[in-house]
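Here is what TrEMBL says about this protein:
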type    : residues                                                                     : note
DOMAIN  : 63-213                                                                       : domain 'Flavodoxin-like'
BINDING : 69-74, 120-123, 162-171, D197                                                : FMN binding site
DOMAIN  : 266-542                                                                      : domain 'FAD-binding FR-type'
BINDING : R286, T573, S644, R645, K655, I656, Y657, V658, Q659                         : NADP(+) binding site
BINDING : R453, Y454, Y455, S456, T471, V472, V473, Y477, G492, V493, G494, S495, W731 : FAD binding site
Amino acid sequence: MASSSDVLILAVGLVLAAVYLFRDQLFSASKPKSAPVAAPKGGAGSGNPRDFVAKMKEGKKRVVIFYGSQTGTAEEYAIRLAKEAKSKFGLASLVCDPEEYDFETLDQIPEDCCVFFVMATYGEGEPTDNAVTLCQNLSDESFEFSNGEHKLPDLKYVVFGLGNRTYEHYNLISRNVDRDLSKMGAIRIGERGEGDDDKSMEEDYLEWKDAMWEAFALAMGVEEGQGGDTPDFTVTEVEDHPPEKVYLGELSARALTRSKGIHDAKNPYPAPITVARELFQQSADRNCIHVEFNTEGSGITYQHGDHVGVWPSNAENEVQRLLCALGLVEKKDKVINIESLDPALAKVPFPVPTTYITVLRHYIDVSAVVGRQILGVMSKFAPTPEAEAFLKNLNTNKEEFATVVTNGCLKLGEVLQLAVGNDLAVEPTPENTTAWSIPFDIIVSSIPRLQPRYYSISSSPKLYANSIHATVVVLAYETIESEKVKQRWVHGVGSNFLLNLKFAATGENAAVLSDKSHIQHAAAALTPKYAIEGPRGAYKQDAIYKAPVHVRRSTFRLPTNPKSPVIMIGPGTGVAPFRGFVQERVAMARRTIEKNGVEGLADWGNIRLYFGCRRSDQDFLYKEEWPEYAGELHGKFTMRCAFSREPPYKPDGSKIYVQDLLWEDHEEIADAILNGKGYVYICGDAKSMSKAVEETLCRILGEAKGGTAEVEGAAEVKLLKERSRMLSDVWS
């Protein structure tokens, strides 16, 4: 039996439990009562940082511009539209990343306001990462705005899309946004604009915008000429700023202070380069490099099929050219601070305080072909009437601009030199380059931010957990000669930056490559030099060089079930992700064999790789590795190779490409897809290869279905894409 003390303890425990359970009722009298306040749905005065309508009203802005951007281009065009609205009509704009706002209040946009949508199409007709929710809200009929309906009656809007015509789903997202808004009763101003990156995004934009602004002025009841040329930034030279707090090329505050943190696109990781080697043979007239970035201890993870973003600097020759053209050579290291005069319109695009040379070397894309529109602005600061007339002609004469600038691939510094008669072929110096008095704030406003260059990761974390591999063809090509500009070599920024790192990491001297007298063009001998040691020498440690990188996620993935057949088509460097795919399967095979023996692979689907290049003895990438992988996969890996510049050729003497090999294997391909429920992956050139491959697949599947390529074949390919059994990672 329980003692009296036990009973007493139990009773006290019960009382305390009851007091705790009913504490609100027992002690509510001692608390001040307050009536709950229900915030109105999407109310403008709620102080909600995600309420763009409230921000528009508070800032007296009649235009809001949303951009769907993956690489920064759509954001640049959004800012340009905002600047033009201000300069033409005196209208202030709110430029918004849609990821940072909620759209329940879209129906509350005042009648005298307008919404712009600048939308890029990404991947296989998908919205950019920051526009996914926006697109879902617009297309989902169950989504309610603050009016309780999925309607936007009389909302005024403008749409400009960014796409690439070589891709199947050209400008699909801007078209979908236009369709959804119209369906909800919104009213479009002007025509929908569509920019084609395969030809000239800039020219498409310029052709579209003038008519759009005319329609805009009519719909909004405004007149041109109410605005004026006002700067976006103020640039101030700073005296006695602590040197350790000046950005000299660091990409984040953490990089400047060398503090730990997550490494992503906002804080790239300086990854040591452990391997850098040439993949093409000595007889090739091009370069292709294999680079391995060590990510151990960085916290960076990746999956097969992901992309690695490499943050390059500009070539030193172009940095020097613009320093000379702007008359900044003597004060290139002067510390400057940059402030935005309207942060809602134009944010300072890079960290400050910094220096003139740092901005040109690390932060803005001085290596890009200059845009036609900005030459009109630059002409106002010409040192001679002749130079002013030259720039104005390029600005207004579309055909002349195409002949001189586009075909000549001229950068801003080169156009400034050309306008005053300087020699573009010699190394620029203050003595041979005429200085222009262009305010530096206009340079910052006119030239976009230097962006990372993305490469398909060519390894699997299952085999290389702490190492990211990239396979990079070095871009070097000759321009089209014109009366004003001679033919010359142009070099890609990212790939030549990596080539410089490869030379340094292996102790090579780029100049020795000019000794290859058998190379017709000797392009490698012209490789521009880069400041590869990085800010404050941060990218060099003893003999180890580093490059700032981050990982961009992808949906380009193998099926999880190894029983599914896989067909991979990747000529040239399009084979890069498939090296990672095969490594992924090799790692899985090793585990399976260790557990169940080779018999464990018996029911696996076959992996077929279709690779193409010019010659087997020149540019056959990873030639020695494929037989090793085949051995480890015990008959489950097949590789077919098309060498376009060596026999055998077709009976008519024409070259053999990967699509020809696909047709040779049409029975196996059709069986793998239709009966084996296989997956198809395409990587490489979007302009011709991917289209030819898709046409061949339509032909194969159409014939297998007893029909035609145009009807039954196209229907099967469409079904494969809808079910994510046919994926592409292509570029133009």
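Even glycines carry a Cβ here, placed using N, Cα and C.
Bear in mind that TrEMBL entries carry predicted annotations, made automatically and left uncurated.
Overlay of TrEMBL feature records on the structure.
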{"residue": "G72", "record": "FMN binding site", "contacts (Cβ under 8 Å, 6+ apart)": "P448, R449, Q451"}
{"residue": "A120", "record": "FMN binding site", "contacts (Cβ under 8 Å, 6+ apart)": "G68, S69, Q70, T71, T73, A74, T128, G161, L162, G163, I173"}
{"residue": "G123", "record": "FMN binding site", "contacts (Cβ under 8 Å, 6+ apart)": "T555"}
{"residue": "Y170", "record": "FMN binding site", "contacts (Cβ under 8 Å, 6+ apart)": "T121, G163, N164, E194, D196"}
{"residue": "R453", "record": "FAD binding site", "contacts (Cβ under 8 Å, 6+ apart)": "G309, V310, P312, V493, G494, S495"}
{"residue": "T471", "record": "FAD binding site", "contacts (Cβ under 8 Å, 6+ apart)": "L279, C288, I289, H290, Y455, S456, S458, T573, V575, A576, R579, L621"}
{"residue": "G492", "record": "FAD binding site", "contacts (Cβ under 8 Å, 6+ apart)": "V474, L475, A476"}
{"residue": "S644", "record": "NADP(+) binding site", "contacts (Cβ under 8 Å, 6+ apart)": "G612, C613, R614, K655, I656, Y657"}
Pairwise Cα distance maximum in Å, NADP(+)-binding residues per record: R286, T573, S644, R645, K655, I656, Y657, V658, Q659: 24
Shortest C-alpha distance to V473 (FAD binding site) - which of the binding-site residues Y167, R286, Q659: R286
C-alpha spacing of Y167 (FMN binding site) relative to Q659 (NADP(+) binding site), in angstrom: 18
Distance from W731 (FAD binding site) back to R286 (NADP(+) binding site), taken between C-alpha atoms, in Å: 19
Mean per-residue pLDDT computed across the domain 'FAD-binding FR-type' (266-542): 92
For FAD, whose listed binding residues are R453, Y454, Y455, S456, T471, V472, V473, Y477, G492, V493, G494, S495, W731, the greatest C-alpha pairwise distance in Å: 22
N164 (FMN binding site), number of other Cβ atoms within 10 Å: 21
CB contacts for Y657 (NADP(+) binding site) [other CB atoms within 10 A, all chains]: 20
Pairwise Cα distance for W731 (FAD binding site)/Y167 (FMN binding site) [Å, integer]: 9
Around the Cβ of G494 (FAD binding site), the count of other Cβ atoms that are within 10 Å: 20
